[in-house]
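Q: OK, Swiss-Prot features for this one:
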DOMAIN    9-237  domain 'ATP-grasp'
BINDING   Lys45, Gly52, Arg53, Gly54, Glu91, Val94, Glu99  ATP binding site
BINDING   Asn191, Asp205  Mg(2+) binding site
BINDING   Asn257, Gly314, Ile315, Thr316  substrate binding site
Amino acid sequence: MRLHEYQAKQVFADAGIPTPASQLAETVDEAVDAAEEIGYPVAIKAQVHVGGRGKAGGIKLVESKEEAREAAEDIIGMDLKGYHVSKVLVEEAVDFVNELYVGVTMDRGEGRPVAMVSTKGGVNIEEVAEEDPDAIAREHIDPAFGMHPFQARKVVYEAGVDREVANDVASVLTTLYQLWDDRDGADTEINPLMITSDDEVIAADAVMNVDGDALFRQPEIAEMGEEAAEGDELEQKADEYGFDYVRLDGNVGIIGNGAGLVMTTLDLVDYYDGEPANFLDVGGGAKADRIANALDMVFSDENVDSVVFNIFGGITRGDEVANGINQALEQFDEIPKPVTVRLAGTNAEEGMEILNEDLVTVEHTLEDAVQRAVEYAKEVEA
């Protein structure tokens, strides 16, 4: 479960990490009043779970009351990559001389958490990791003992952080790890951690993903989660239907039964140069209505250009899946997005006979199904 920026910053601030002065606003007037109280210049930032908010018009720097009103009117109520913006964070603009990245996540290959620091902050850290992996210093942590101060200092110095602020950055990293551990974090990061001309460190952004299966022991975070889901109609719909759903940034919609099967499909979409739009696990024993709901939901994502079903029947029967797909598609005069289906396992042959091949493309192997779905998505892009 991912918290909004304003929620993550509150958690960070409560733990002692410096953050800019800010106020949450739900209306234009509230945003203007907040800007006046904080003092210009301020940043007005859409509170939605998407990357690249600035490039998409979801973050604006303003220097006057008139600019604040205009920016708030533009951002509040806008659709940002499929997310409805209902709240903005009005935040003090930080005058900085340098930007860093600091983060803690789980290295599943090593089976241990890893702390990361880079002097290439303020940009997409995934791109940095791909293009210049040596620009990110890493330190694995033994969860039995936690992060020692010397480890924090070591990774900060290895990243090339200036000595004048190295101890403060190490302190922030140590706190970030403690939050990751105490709050059952999946990812915690600050990008950018800004360095001012006075050698102060300030968390200008905040990301906190929490293990959803651990929310029973994180009541405060769970309460935040109800608010964090607001504004994303697809995630709300997934909760209503009882689907395990994660929205991604690509254009190939993915529906499967079982987390491992869906993850494999995501990996194959990426392998064949496609971009997954979502993770959607309908669960075991899915009936026709449930399959139809899943397809309707993925269709409603405007970023999706093609859909692939990957179903391996155990208690989920192929004929039920086929009936659900037909049920969902027969309501349309024209199929809005191409659908590719791969069925295997229980009643798979019956299911393939039931499927209306005028409405879907049937493939007999997962590789063929994924390649076809990626091709369809690329045809739409072209």
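Using N, Cα and C of the backbone, Cβ positions are placed for all residues, glycine too.
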Q: Using a 10 Å radius around each Cβ and counting other Cβ atoms from all shown chains, which of the binding-site residues Val94, Ile315 yields the largest count?
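A: When each Cβ's neighbours within 10 Å are tallied, Val94 leads.
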Q: In whole Å, how far does the CA atom of Lys45 (ATP binding site) lie from that of Gly314 (substrate binding site)?
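A: A Cα-Cα distance of 46 Å.
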Q: For Thr316 (substrate binding site) and Gly52 (ATP binding site), determine the Cα separation and express it in whole Å.
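A: Each residue's Cα considered, Thr316 (substrate binding site) and Gly52 (ATP binding site) end up 38 Å apart.
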Q: Could you check which of the binding-site residues Gly52, Gly54, Glu91, Asp205 is the closest Cα neighbour of Ile315 (substrate binding site)?
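A: Result: the closest of the binding-site residues to Ile315 (substrate binding site) is Gly52.
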Q: Max Cα distance spanning Lys45, Gly52, Arg53, Gly54, Glu91, Val94, Glu99 (ATP binders), Å?
A: 19
Q: Spatially, and counting Cα to Cα, which of the binding-site residues is closest to Asn191 (Mg(2+) binding site)? Options: Gly52, Glu91, Glu99, Asn257.
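A: Looking at Cα distances from Asn191 (Mg(2+) binding site), the smallest one goes to Glu99.
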Q: Let me make sure I understand the span of the substrate site: among Asn257, Gly314, Ile315, Thr316, what is the greatest distance between any two Cα atoms, in Å?
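A: Output for substrate binders Asn257, Gly314, Ile315, Thr316: max Cα distance 10 Å.
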Q: Distance between Val94 (ATP binding site) and Gly314 (substrate binding site) at the Cα atoms, whole Å?
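A: Spelling it out, the Cα of Val94 (ATP binding site) and the Cα of Gly314 (substrate binding site) are 56 Å apart.
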Q: Distance between Gly314 (substrate binding site) and Gly52 (ATP binding site) at the Cα atoms, whole Å?
A: 40
Q: Cα-Cα, whole number of Å: Glu91 (ATP binding site) versus Asp205 (Mg(2+) binding site)?
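A: About 10 Å separate the Cα atoms of these two residues.
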Q: Return only the integer: C-alpha distance in Å from Gly54 (ATP binding site) to Asp205 (Mg(2+) binding site).
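A: Taking the Cα atoms only, Gly54 (ATP binding site) lies 12 Å from Asp205 (Mg(2+) binding site).
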Q: Ten-angstrom check, please: count other Cβ atoms within 10 Å of the Cβ of Glu91 (ATP binding site), all chains counted.
A: 25
Q: Measure from the CA atom of Asp205 (Mg(2+) binding site) to the CA atom of Gly52 (ATP binding site) and give the result in Å, rounded to a whole number.
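A: With the alpha carbons as reference points, the distance is 13 Å.
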Q: If you average per-residue pLDDT over the domain 'ATP-grasp' (9-237), what number do you get?
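A: Per the prediction, mean pLDDT sits at 93 for the domain 'ATP-grasp' (9-237).
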